[in-house]
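Asks: So TrEMBL has the following annotated:
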type     : residues : note
DOMAIN   : 81-138   : domain 'Homeobox'
DNA_BIND : 83-139   : DNA-binding region
DOMAIN   : 141-342  : domain 'TLC'
TRANSMEM : 150-170  : transmembrane segment
TRANSMEM : 190-209  : transmembrane segment
TRANSMEM : 270-290  : transmembrane segment
TRANSMEM : 310-338  : transmembrane segment
REGION   : 351-388  : region 'Disordered'
COMPBIAS : 355-364  : compositional bias 'Acidic residues'
Amino acid sequence: MRRRRHPAARMWSSLNEWLWQDRFWLPPNSSWADLEDRDGRVYAHPQDMLAALPLALALVVVRFTFERLVGLPLSRWLGVRNRARRPVQPNATLEKHFLVEGQRLTEPEMVILATQCGLTLRQTQRWFRRRRNQDRPCLTKKFCEASWRFAFYLFSFFGGLSVLYHESWLWRPAMCWDNYPNQTLKPALYYWYLLELSFYISLLITLPFDVRRKDFKEQVVHHLVTITLITFSYSTNLLRIGSLVLLLHDSADYLLEACKMFNYAHQWRVCNSLFIVFSLVFFYTRLVLFPTQILYTTYYESIANSAPFFGYYLFNSLLVMLQLLHVFWSCLILRMICNFTKKGQMEKDIRSDMEESDSSEGEEAQEHPKLKNGAAQGPGVASTDGPRNRAAWQLANGHMLAT
């Protein structure tokens, strides 16, 4: 007697068959049957990428081990020093507002809080400033994260270069479409691809625990687009062009992480030199090579002998999204170059993950210098010489408002 399948299983099977139709992912007159292993010829299969999930978890373990056993001692050897931070006095009312209602309050809110706690306006502002500093990551943590990414990108770039060095499509991207999609899979290329996918999955896993960057949303988009591109290109046997995209990106990333490491160590000469080299490599690879070689060949040369199909449009859309991120980060780098030209040294992290610097722990007068009319510079700061309102002046001088 034939066993009937569960309705949910039948629905999943029907959806799977519809999703993986030949006409969606392969050029016309091509089918998945053409990419079945036979006669010693091995092809890429989507299920091969499932191995990236356990490998990503293993990379998380390797990363934290590396940061503890290599990154931390290296930071000490290079002289990375964490800034001493003054502890805040316990205050339940201020802590509640800090955690629930926001870390940065307006001046009227500061006035009310100061009244409730019996503090001056300046004391309340100082409490919030020091409390914010407690949540900011220390330089050692930043250095360890950068050292791990530097080690991986360096290994990945030169490993990928050794894999592709003797391949024709490295020097002529048009060869990526030679006899596509009937291109066999080489073991070295598979392992490199798998390692790259696992690394970006591990970055997503650890993102909530890493130093939060100003471009956090852009980083999430970048990781998701990269994971989608790697998975899609492998599944549809676009390994040649996908490998060029990976190699091109790794060529600048390890320079960025090295620059940040020396920035945290306050070794400005090395940092400045690396910054110049990184900028040149980034602009050339992301703004010149990527659009003129990668985007051109995927948009024009890929369909020279076939009609466009759904996978063609999806792949090009993802690459365009990646290029838009390149332009966004290039603007950040140009802004860093302007500051570098004016000041003669790089003071902050470059490109996408420039981190928010710690607020000053000095006197309020030093943090917000006064203007000519006596008002304190910067929004939300009450001046003791020229107060904006009566309540702010009273609190700044230790007086209590009537409630």
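Note: Cβ is positioned from N, Cα and C throughout, glycine not excepted.
Please situate the listed features within the shown structure.
Replies: Shown for the DNA-binding region (83-139): DSSP residue counts in helix, strand and coil, namely 37 helix, 0 strand, 20 coil.
Summarised as a single figure, the pLDDT of the domain 'TLC' (141-342) averages 91.
Taking Cβ pairs closer than 8 Å, the transmembrane segment (150-170) reaches residues 66, 70, 176, 178, 186, 188-189, 192, 195-196, 199, 240-241, 243-244, 246-247, 250-251, 253-254, 257-258, 261 in its own chain, all 6 or more past its ends.
Cβ atoms under 8 Å from those of the transmembrane segment (270-290) belong to residues 245, 248-249, 251-252, 255-256, 258-259, 262-263, 322-323, 326-327, 329-330, 333, 336-337, 340, 345-346, 350-351 of the same chain, restricted to positions at least 6 beyond its ends.
Residues 23-27, 215, 218, 221-222, 225-226, 228-229, 232-233, 236, 238, 245, 275, 279, 282-283, 286-287, 290-291, 294-295, 298-299, 302-303, 346, 348, 350-352, 354 of the same chain lie 6+ residues outside the transmembrane segment (310-338) yet bring a C-beta within less than 8 angstroms of a C-beta in it.
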Asks: Can you tell me which parts of the same chain pack against the transmembrane segment (190-209), counting only residues 6+ beyond its ends and a CB-CB cutoff under 8 A?
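Replies: For the transmembrane segment (190-209), the sequence-distant neighbours (Cβ-Cβ under 8 Å, at least 6 residues beyond its ends) are 44, 48-49, 51-53, 55-60, 63, 152, 156, 159-160, 163, 219-220, 223-224, 226-227, 230-231, 234, 239, 242-243, 246.
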